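Here Swiss-Prot flags LYS62 as active site, proton donor. Among the features that Swiss-Prot reports, substrate binding site is placed at ASP11, LYS33, 60-69, THR120, ARG181, GLN191, 211-212.
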Amino acid sequence: MTEPKVIVALDFAKKEEALSFVDQVTPSDCRLKIGKEMFTYYGPQFVEQLVKKGFDVFLDLKFHDIPTTVAKAVKASAEMGVWMVNVHASGGRKMMEAARSALLPYGDKAPLLIAVTVLTSMEQSDLADIGLDIPPFEQVLRLATLTQQAGLDGVVCSAQEASVLKSRLGNEFKLITPGIRLDVSTKVDDQSRVMTPVDAIKAGADYLVIGRPVTQAAHPLDVLRKINLSLA
C-alpha cells in the first residue's frame, strides 16, 4: 500500500471535536497536522495521544528564534515522536543547521525537518510591506535553496511553485503543499494560492495539507478516500 499523501489539518476549536474526527479515519487514510492553536490549548499530551493511535503527526509550529532555542524545540518535538516538524527558513542558515544537528542523535527515527518559505496567504504587496520588493516566488526559491543547503528535508510551498522547485532542487527534496481545495472556484478563506489535489501532485508536491474540505465534510472519510483514489 502506498503511503498517505494527504495530511489533514486538525484545526478544531475543541479537542473533543478533533478526536471525533480522528476516530472516523485510520493512519492508512491520512497523516495529521497539529498547528499553533490546538498545540497551545492542549500541548504535547495531545500530540502523543495521536501518535499512540498510530498516526504520523506533522507538528506545524514554524519555529523561528535564535539557533539554540530552535534546536531545543526541534529536539523536544522529536521526543514526542512526531513524523514531521517545521521551522521558518527566514530564521537563516545557522538556525536551520542547528535544528538539523539537534536531530542527528535520532538517526532513522528523526522526524522530517522542513522549512516554511513564504506563507501562502502572502502576496507581492505583503512582501513589499516588510521590505522585500520582489515577487513571492523569487523569495520562495531563495529560501528553499537555502533550506536545502542547510541540510533540511524539504519546504512548505504553494502548489503553483512546486514544479519549478522540484526541477531546481530535485526529487529527494520534499514539497509539502497547503492551499489544497477540492473546488478552486470557491475562495472562502485565507489561502490565496490554491490548487486541487490531483493538480498539486502532478505539479510536484509530495504531501498535501487539506483542512476544511475534509474536516467540515458531512462524511469526512468518504471525502478523504475519494481524494486518495484520485491520487492512486
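For all residues, glycine too, the Cβ spot is worked out from N, Cα and C.
Not measured: the values here are computed from a predicted model.
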Note: in the chain of LYS62 (active site, proton donor), residues six or more apart in sequence with C-beta under 8 angstroms of its C-beta are LYS36, ASN86, VAL87, HIS88, VAL116
Long-range same-chain neighbours of HIS64 (substrate binding site), Cβ under 8 Å, sequence gap at least 6?
-> VAL70, VAL87, HIS88, SER90, GLY91, MET95
Cβ packing number for ASP11 (substrate binding site), 10 Å threshold | 18
Number of other Cβ atoms within 10 Å of the Cβ of GLY211 (substrate binding site) across all protein chains = 20
